[in-house]
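Visitor: Below: one structure in structure tokens.
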Amino acid sequence: MPPKKQNKGKKGVASNNKASDFDTDIDALIAEVNLQDKKTQKKEENNKNHVEEKSYMDEINKLAPIDVQFAGKDYPLGEICEYLPGKDETNSLNRMTSEEKRALDNEYEDIHKNFRRAAESHRQTRKYVKSWIKPGMKMQDICERLEAHSRRMINESGLDAGLAFPTGCSLNECAAHYTPNGGDPTVLQYGDVCKIDYGVHVDGRIIDCAFTVHFDPKFDKLVEAVKEATNAGIKEAGIDVRLCDIGKTIEEVMSSHEVELDGKTHTVKPIRNLCGHSIGQYRIHAGNSVPIVKGGPQTKMLENETYAIETFGSINGKGMIHEDMECSHYMKNFDLANQHIPLKLAKSKELLNVINKNFGTLAFCRRWLDRAGQSRYLMGLKELCDKGIVDPYPPLCDAKGSYTAQWEHTLLLRPTCKEVVSRGDDY
């Protein structure tokens, strides 16, 4: 703002007023200079971010998508595992040799190929992310760069292929469902434990797969304990296996680990109220929950089901999560997806059309609404949530000061074998 004009005052008595006015003018000038400096700094920061974004987008756009890399649709298989022997011998070796089971397997081959294409996209994106993620980066920049690569690899095409849910990058005591909203200033720190959880799909066949990033070696044992528990759950899973038995195995393995942190020894606790889940077409949570502690449901896994086996471990916390922080994740209620529910606000109707067109019944976040050109949509989003059309999924956190880790893979319970379709050389 321009400097104030000096008041001339009465002749012979103006000197004190002039000094006061002069001080005021100096203060105003300093404030104006500081404001301009901040604007310049912000502009330079935006220009720098734009240059960095253009740089990695140029790099990403040169890459061939997975369906181009494997033009014959001969996508890499996941890890092929025999089912563990059970009371019914069809659960083991003879499933792989049964002509009937092999014929049934072949009927699902196109579906399996969609999963494998999505899985290879996930593998290549996570390899890319691990090559540059480091402390000092904004969480929003990490997510947007990851998602740009993921969109390219999966060859995003409306609802036919694309991202299956927002990139989770939950930090420390936050175990799940955190992704930055637009303008979130959070920066990744050396002492953070970050869970990278993202999904891709082809024709609604979802790969749900996660890993933990940390830089301080004091968290090595926590991260390894949770990875080992996830692998134990994967090994236990199979056709006719009860979900409660998987949870019991996971808890036994995870709880057998101890971690020393700042001079105190902690047993790694499974987070009791988080779990894995079955996956349906365009439906990330399809009804069955896979516990990570003993005492779960007696429900058996069935042939041709798809599951996300994921485990969460915590130290210096309660091993229980609660909702906390600002919500970023949302998803249409699958059961109400085809029902007409009257809406009052025009913005709500507009927003619902955008959600249906861009996400369908897949999860989305506020950054993705921004990307779709939406603005001033919070009241509309609130009405959609209030009506039950859209469900909010706030961040899930253990106690302050705790640290949590996560590992996750997607399993296909094929008639002949168990395919850990998201498995890679890294994990």
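Yeah, the Cβs are placed from backbone N, Cα and C, and that goes for glycine too.
Unlike curated records, TrEMBL annotations are generated automatically.
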Visitor: E383, E408: which one does TrEMBL list with D197, D208 for the divalent metal cation 1 site?
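Guide: My reading of TrEMBL gives E408 as the candidate in that site.
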Visitor: If TrEMBL gives D208, H277, E408 as binding divalent metal cation 2, which of E173, E236, E305, E310 does it give for that site as well?
Guide: E310
Visitor: How big is the Cα-to-Cα gap, in Å, between D208 (divalent metal cation 1 binding site) and H277 (divalent metal cation 2 binding site)?
Guide: 10
Visitor: Other than D208, H277, E310, E408, which residues of the same chain sit close to divalent metal cation 2? List them in sequence order, counting a residue when its Cβ is within 8 Å of the Cβ centroid of the site.
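Guide: Here the nearby residues are D197, C209, A210, G276, I279, Y307, A308, I309, H409, T410.
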Visitor: Cα-Cα separation of H177 (substrate binding site) and D197 (divalent metal cation 1 binding site), in Å?
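Guide: Between the alpha carbons of H177 (substrate binding site) and D197 (divalent metal cation 1 binding site) there are 9 Å.
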Visitor: Can you check which residue among the binding-site residues H177, H277 has the largest number of Cβ atoms within 10 Å of its own?
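Guide: Output for this query is H177.
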Visitor: Around H285 (substrate binding site), which residues of its chain at least 6 apart sit with Cβ under 8 Å of its Cβ?
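Guide: Residues satisfying the criterion: H277, S278, I279.
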Visitor: What does the structure give for the C-alpha distance between D197 (divalent metal cation 1 binding site) and E310 (divalent metal cation 2 binding site)? Integer Å is fine.
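Guide: Given the Cα positions, D197 (divalent metal cation 1 binding site) is 10 Å from E310 (divalent metal cation 2 binding site).
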